[in-house]
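Feature annotation from TrEMBL assigns active site, nucleophile to Cys343. Taken from TrEMBL, the feature S-adenosyl-L-methionine binding site applies to Cys195, Ala196, Ala197, Pro198, Gly199, Ser200, Lys201, Asp227, Asp290. Annotation source TrEMBL lists compositional bias 'Basic and acidic residues' at 19-30. The compositional bias 'Low complexity' annotation in TrEMBL covers 31-44. Sequence annotations record features per position, and here TrEMBL assigns domain 'SAM-dependent MTase RsmB/NOP-type' to 77-486. For 1-54, 550-579, the entry in TrEMBL reads region 'Disordered'.
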Amino acid sequence: MGGRGRGSRSRTQRKHFRDGRENVWKRPKSDSASSDPNSNNNSENKTHWQPFSTQNPAFDEYYKEQGIVTAEEWDTFVEVLRTPLPAAFRINSSSQFCEDIKSQLENDFMNSLKAETTDGGEVEAIRPLPWYPDNLAWHSNFSRMQLRKNQTLERFHEFLKLENEIGNITRQEAVSMVPPLFLDVRPDHFVFDMCAAPGSKTFQLLEIIYQSTKSGSLPDGMVMANDLDVQRCNLLIHQTKRMCTANLIVTNNEAQHFPGCRADKNGSKASEMEIEPQISQLLFDRVLCDVPCSGDGTLRKAPDMWRKWNPGMGNGLHSLQIQIAMRGLSLLKVGGRMVYSTCSMNPVEDEAVVAEILRKCGGSVELVDVSSELPQLVRRPGVRKWKVRDKDLWLASHKDVSKFQRYHILPSMFPSGKSYVAPANKDLEHENGENAISEDGILPTEDASTEDLIEEVSDLPLERCMRIVPHDQNSGAFFIAVLQKLSPLPAIQEKPSKKRNLFKKNPEVQGKLLDQVTEDNSGLEPDSRDVAVEKISEAATEADLIVDEPDEADMEPDPSNISNQDSEETKALVNGETDSGKAVGKRKLQLQGKWKGVDPVLFFKDESIINSIKMFYGIDESFPFDGHLISRNSDKNHVKRIYYVSKSVKDVLGLNFRVGQQLKIASIGLKMFERQTSREGTATPCSFRISSEGLPVILPHITNQILHASSVDFKHLLQYKAIKFADFVDAEFGEKASKLMMGCCVIVMRDSKTMSDPIKVDASTIAIGCWKGRSNLSVMVTAIDCQELLERLSVRMEAEKGSSVQENKFNVDELQLNGASKVEESETTQLAADP
């Protein structure tokens, strides 16, 4: 990423764009001056900036013709598109501090920021998005410069940064939050996010999966998040790591060729691999198909797209989008729901793709009417007629396409989807007669104007799709279609054709694709161009623009052809015994060599280590260990981390082994245990500590090495990081801590309401991992986690203090009232006694 020549300038432009409420994406004058040989490129020119153009006549002409907004509202539509995108963020509903954060926003920041106005004179500060459930999504109208300009705004900015890094909130463009809401996900669902990076929607899906899950337990469902690009997969892993989940698998496969992992009945038996045959094929209850697109719906956060946008960007991705969507439907269970979405406004990438999907699937897939769902979300129905633009030519149907255009202008791009083949004699007439075809393949008799074209109208219910446009609710643009699978898909005979490498002969194709921006982060997220380049790298290297290569399916080993020897090798791989020194066959090397440079995924079965962990922490039998522990190191003697997976992930992983590891797994499981040695060099009974990520899951099952601390001592541990046993405020706690075994231990903050010692764990329990040394306790929590916990404790203590003050005030008022009543009664009695 750092090697791109434009990288530093893009970051600078991004900074200026976010720092104001007007169009302040700027270009250095030296850029324009450098093209003039007579200009003086002095240092003064390099330090001055000029506004970046947000005009594109081709864009205006294209979308005026498509009619996605009326002529009367066109000026408003374009005016909003040229303004910076407001920041938005979402509270993690599965966070322990979800209600605390929501309360802080509603009762603290909403009030304290009311007096603040933006540079544009807007009064609006922050507010919950009305269409998002439970006030979990918020809209902020401040830029970064505004967030820093005074103490009140700076405090809000620091709050956003800290909570985002911890994972309590996710900064995400508002319209990007919409597609997962229409999936109707439940905690027991298997969900597939086909093109997932950078991961905001994946995080959102995980939040929904974890809703209503009790503390210390895991949901029955799981999320499979996929992205083709390795660098984007790393971004996806970084984003979802904040969720601390055992119900996620991140894969690095082609979306349009994603393996179905169908287990052959004659293949390796489950008993040979010590894996219970829970599932025989990888199918999903819900599929999110947020495909690579031209991304013109993101112009507000990436206005440099204005000067590079052209209609060909959408045309070039149309086939890939269909392929990905069709693969998603094939992996969807009957009765399941798939959401197809783009951040493009282009009907060729939107309605045309949905229409082609419906035609291919016949009656097996239904376009669902969701107009009654999320009623406060302003959306517009999909269109049923549109045209295709190729260079300077408008095309209303495939009949208008010359034979030289038909290799890239496809019938599926038009509303009817019908193909047209010109009679052979007509082609000869054009070749030999006076109406010869021009060099561009366009007939001279064809008129590029739209007036003479007969428009096609789709007979499909495309109005059930929805398009979100920027000026309706001050957002970006997005397209969403909800599909339900009613029956198995019909057999489709044709196979997607591989096209030649267009990059070699036409470098402009690559340049055009680099201009796409497709994901979902708000102006507070990483550079959108950096994200876009990776996303479009994915689009460019997938089906339509690559050199002829064998399909993934052709590279997969057939499970039915695996010999007995291969089965034993697969069993050894599952059991983590690849370093046994035994000779491995050719098939084994192919299985490992297929995904080069990727750490292996192995079930961890070292009983000596597992038993030492169980005994040391007193982990009760209710916590499932068997088959749930994963290692990423084939050398079991040098395992540094042990990961934990849910039952759903375990079943998918077992299936993946049975079919020859077709999934290229980049990340899996929740880091539960990590090898740790004493700084003092003293041997400890257990060489593995509990990780901070895994502690909430295993906490209810720990019976040894766990203590209650008062809120004062707990806060001191977070502040000072290490405290000697004799220095704790609660001397009894210090004495108990000194008697713990050397090594990792868990300290739970004692609730002021429950002072008894049987430690009960619920959603409000706050606990941290510590290290018991010879003379002290030291925390094993990152500095930012300590900061967050201290913030949360302060908020809670203030709330408790306020509640206590109110209670005391009520008691005082009651005493005063009772006292006044008694005085009045006494006075009345005395008056009655006086003559």
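Using N, Cα and C of the backbone, Cβ positions are placed for all residues, glycine too.
Binding residues for S-adenosyl-L-methionine (Cys195, Ala196, Ala197, Pro198, Gly199, Ser200, Lys201, Asp227, Asp290) extend across at most 13 Å, taking the greatest CA-CA distance. Its Cβ taken as reference, Gly199 (S-adenosyl-L-methionine binding site) is surrounded by 31 other Cβ atoms within 10 Å in the chains shown.
Here the CA atom of Cys343 (active site, nucleophile) lies 13 Å from the CA atom of Cys195 (S-adenosyl-L-methionine binding site). Looking at Gly199 (S-adenosyl-L-methionine binding site) and Cys343 (active site, nucleophile), their Cα atoms lie 15 Å from each other. Ala197 (S-adenosyl-L-methionine binding site) sits 14 Å from Cys343 (active site, nucleophile), taking the C-alpha atoms as the reference points.
Candidate binding-site residues: Lys201, Asp290. Fewest other C-beta atoms within 10 angstroms, Asp290. Of all the Cβ atoms in the protein chains shown, 29 others lie within 10 Å of the Cβ of Cys195 (S-adenosyl-L-methionine binding site). Note: the CA-CA distance between the residue listed as 'active site, nucleophile' and Lys201 (S-adenosyl-L-methionine binding site) rounds to 13 Å. As a whole-number mean, the pLDDT of the domain 'SAM-dependent MTase RsmB/NOP-type' (77-486) in this prediction is 86.
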